[in-house]
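Take a look at the structure below.
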């Protein structure tokens, strides 16, 4: 029998005022001296209120200016001789992604303190950047702890919460793609990781009629789902449970520089399209339910809402069929033509 070591977040706190748990988490990680990474806005809104909480600890604070590998390298160089016990990232995706890379490079524990709930990077072992306008993903160590305080996150723009909903819902089509790869090309499949990723997404979709993402109980559901999505990725050491053809579509939009959508908004549109294909060819998609659930939370369901034309959507879909060919998805299984994509975006109302 073979065994594999899996690194997962050791502490996860989600709720109101859980930022008060930060000293406890730091002590449990023997982090007497740490690096706190944040940005200018969060520093003035959130970090300024942590001074009393952190009065018994020694720490340095640096500001993250951009979501780039070069930014992470600069911080590593500046802090390379400090011998930090931990890196505490307080902020949105930009800060958390840089914090993951810095903590991995410095061989220090990472504590994720999100101020938004816009995607599953809160707890995942993946950092996403744009280099020369192109998206890249970097494998990192997962956070050792996640502290998601509802009193902080509820103040982020509602668009970012809807984006997080879109990213979580995309797991439904991602897992279907993984199952296709298992059935058609014999890819390894992990039922536990798949369930961890897809069950919270299915729960949110089933409750879309009553969801108000600004209410603490519903925001709690969203955060749990996004954190579990990150844990599923860490569990198998791959983004497979949470990234399928819908993410290829989003990456294609990023490569082409089209539109003004967030990551979650782009993958949500991609999910509607890929669910249509799953339903048409394999009878196990439900694009109408996905679209309806996105509409219920007022997330975009059309290209126009995120600054895309029909032609740009089709071009991105065609490019998506050429990206990451080793990741088998519905696109590799059915090889849609441009004409079919045109039919799909019309039938679904995406464009």
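Positions of Cβ are set from backbone N, Cα and C atoms, glycine also.
In sequence order, 67, 116, 118, 119, 121, 128, 263 are the residues of the chain that are 6 or more apart from residue 93 (NAD(+) binding site) and have a CB within less than 8 Å of its CB. Annotation comment: Swiss-Prot describes 93, 94, 95, 96, 97, 115, 116, 117, 118, 124 as NAD(+) binding site, evidence class sequence analysis.
Per Swiss-Prot, substrate binding site is recorded for 120, 167, 251. Under a cutoff of 8 A between CB atoms, and with a sequence separation of 6+ in the same chain, the neighbours of residue 167 (substrate binding site) are 118, 119, 120, 226, 229, 263, 264, 267, 268. According to its DSSP assignment, residue 167 (substrate binding site) is helical.
For 167, 247, 263, the entry in Swiss-Prot reads Zn(2+) binding site, with the evidence type sequence analysis.
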| query | Using an 8 Å cut-off from the Cβ centroid of 167, 247, 263, can you name the remaining same-chain residues around the Zn(2+) site, in sequence order? | reply | 119, 120, 166, 170, 243, 246, 250, 264, 266, 267
| Among the binding-site residues 116, 118, whose Cβ has the fewest other Cβ atoms within 10 Å? | 116
| How long is the line from the C-alpha of residue 251 (substrate binding site) to the C-alpha of residue 97 (NAD(+) binding site), rounded to the nearest angstrom? | 17
| query | Which whole-number value in Å describes the distance between the Cα atoms of residue 95 (NAD(+) binding site) and residue 247 (Zn(2+) binding site)? | reply | 22
| query | Record lists 93, 94, 95, 96, 97, 115, 116, 117, 118, 124 as binding NAD(+); longest Cα-Cα distance in Å? | reply | 16
